[in-house]
Amino acid sequence: MTFGFQGKGHTDNRVVWLNLSEMLHDITLELVYAYKILVVKVMNLDHNLTKQIEEICAARGVRLTSQRKQVFELISASNKAASAYELLEALKKNEPQAKPPTVYRALDFLLEQGFIHRVESTNSFISCCSCNAHKHFSHLLICDKCGDVIELQNDHLISSLEDNAEKHGFKITNHVIESHGVCQLCSSEINNETIEEDYAR
């Protein structure tokens, strides 16, 4: 896969375009391979998270019912935030009799235990990356293109916010920090689309 030029003008553009197409094809294959590896890792991670919350619930003396467990597994199986309606539809595949209150009760429990976070701006839910290993406030990065949500835990940011609030005699009891934008993968796709459009002209 090399870049070359033959002749001038339109021919040059065609050669570059063909080589770019080959390069993008190779990159796509690499991404597919990486995705397959990631899926395996995510499946293992989901299993570990489920086991972790089972142990936490046992230690706290609270019940992790089958439906609560299923809702958590549905949420943690994706990088994207899921709405209550989406969770209900997914839950019905295994439990056709599931009703909205079933999902809402499960979500209330998972939120109370600190196993998931609510994405306030979209009224949806994601699993907590530390699964309540310690009390924390999160900063959520939300991709407006693909819907992926990344959870950041920045103690320095939280401390700075609390210090500034205290200067005004205000005590913070809860944080909702959400940033909307475009993730790294979507940014790369946008750049590739721009390159394709430029060389197609």
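Positions of Cβ are set from backbone N, Cα and C atoms, glycine also.
The Fe cation binding site annotation in TrEMBL covers His136, His175. Residues or ranges marked as Zn(2+) binding site in TrEMBL: Cys143, Cys146, Cys183, Cys186.
Positions of the features from TrEMBL, shown on the structure.
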residue : record                 : contacts (Cβ under 8 Å, 6+ apart)
His136  : Fe cation binding site : Ser130, Gln153, Asp155
Cys143  : Zn(2+) binding site    : Val149, Gly181, Val182, Cys183, Cys186
Cys146  : Zn(2+) binding site    : Lys80, Cys183, Leu185, Cys186
His175  : Fe cation binding site : Phe137, Ser138, Ile158, Leu161
**Request:** Determine which residues of the same chain, besides Cys143, Cys146, Cys183, Cys186, have their CB within 8 A of the center of the CB atoms at the recorded Zn(2+) site, and list them by sequence.
**Result:** Asp144, Lys145, Gly147, Asp148, Val182, Gln184, Leu185, Ser187
**Asked** Of Cys183, Cys186, which of the binding-site residues has the most Cβ neighbours inside 10 Å?
**Response** Cys183
**Asked** If H, G and I count as helix, E and B as strand, and all else as coil, what does DSSP give for Cys143 (Zn(2+) binding site)?
**Response** strand
